[in-house]
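The structure is given below, and queries will be raised subsequently.
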Amino acid sequence: MRLIPLQTSEQVSRWAARHIVERINRFQPTADRPFVLGLPTGGTPLQTYKELIRLYQAGEVSFQHVVTFNMDEYVGLPKEHPQSYHTFMYRNFFDHIDIQPQNINILNGNTEDHDAECRRYEEKIKSYGKIHLFMGGVGVDGHIAFNEPASSLGSRTRIKTLTEDTLIANSRFFDNDITKVPKYALTVGVATLLDAEEVMLLITGYNKALALQACVEGSVNHMWTVSALQLHKRGIVVCDEPATQELKVKTVKYFTQLETQAIQSVL
């Protein structure tokens, strides 16, 4: 696993966006051979999306032959709802780049048959061979996508009940009213994420420090699903200084020395 310890969340966003652009451009996607990108929602990736839009507008990347798969979507929330992940993605990213609408894939949380929708999503991913790069964030309790604590590390796309911690955290998007937050979501599984060729997690802020510690220094266990990244051949964690507060000093120093070139690229 690579850990890239930066100073600020802005540096994290810049590094992540540039890494995505480099991967797309190196791949040289075409209509018959698209680059497949996994994407998250939430507050952490917002600046990364803004930076990707800036790089697109500067002519440094095209998303015309990029296929995207989002991590998750609430159950029962209309697509047009201001807090649906459909709305989030179009408002904060898709409406500002040259991605083709047919290349956008987001789970349908309003379908009558959730199991069938989850199977369809898995098959759609498989139809492209694999996701080349999956970017994600992490919850305070270490969940990735909506794979809450005690989720199976071998899980696939499915419906999940959201924990009280997640409902409280997400209530900030629903007028701070926990009763307005959907109780269920469709989400890719931990194994779905690990199937990607590369997984890049963005971890920022003091409140994510325990999650980062579990990811980097802890044992692999289902109570901290982020720890499953240790099993991946090409896992990357990009973090800011506040998120490192629970890591051992020698751990931070080790990766700081190891990733000197990556760190200097955003200074």
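Glycine too: its Cβ is placed from the backbone N, Cα and C atoms.
Per Swiss-Prot, active site, proton acceptor is recorded for Asp72, His143, and the stated evidence type is sequence analysis. Residues or ranges marked as active site, for ring-opening step by Swiss-Prot: Asp141, Glu148. Annotation comment: Swiss-Prot describes Ser151, Arg158, Lys160, Thr161, Tyr254 as site 'Part of the allosteric site', evidence class sequence analysis.
Looking at the shown structure, can you explain where the listed features end up?
In the three-state DSSP scheme, Asp72 (active site, proton acceptor) falls into the strand class.
Annotation note: Asp141 (active site, for ring-opening step) sits in a coil segment as assigned by DSSP.
Counting only same-chain residues six or more apart in sequence, the Cβ atoms lying under 8 angstroms from the Cβ of His143 (active site, proton acceptor) belong to Pro149, Ser151, Thr163, Thr166, Thr225, Val226.
If you take the C-beta of Glu148 (active site, for ring-opening step) and look for same-chain residues 6 or more apart in sequence within under 8 angstroms, you find Gly139, Asp141, Lys160, Thr161, Leu162, Thr163, Thr166, Thr225. Secondary structure at Glu148 (active site, for ring-opening step), taken from DSSP and collapsed to helix, strand or coil, is coil.
The Cβ of Arg158 (site 'Part of the allosteric site') lies under 8 Å from the Cβ of His114, Asp115, Cys118, Leu186, Thr187, Gly189, each of these being in the same chain and 6 or more residues away along the sequence.
There are 22 other CB atoms within 10 A of the CB of Lys160 (site 'Part of the allosteric site'), with all protein chains counted.
Counting every protein chain shown, the Cβ of Tyr254 (site 'Part of the allosteric site') has 14 other Cβ atoms within 10 Å.
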Write out the long-range same-chain contacts of Asp72 (active site, proton acceptor), meaning residues 6 or more apart in sequence whose Cβ is under 8 Å from its Cβ.
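Result: Thr41, Tyr85, Leu107, Ala145, Phe146, Ala185, Leu186, Thr187, Val188.
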By a simple count, how many Cβ atoms lie within 10 Å of the Cβ of Ser151 (site 'Part of the allosteric site'), its own Cβ left out?
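Total other Cβ atoms inside 10 Å, all chains included: 21.
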Look at each of the recorded positions, Asp141, Thr161, and point out the one with the fewest other Cβ atoms around it within 10 Å.
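Thr161, out of the recorded positions Asp141, Thr161, has the fewest neighbouring Cβ atoms within 10 Å.
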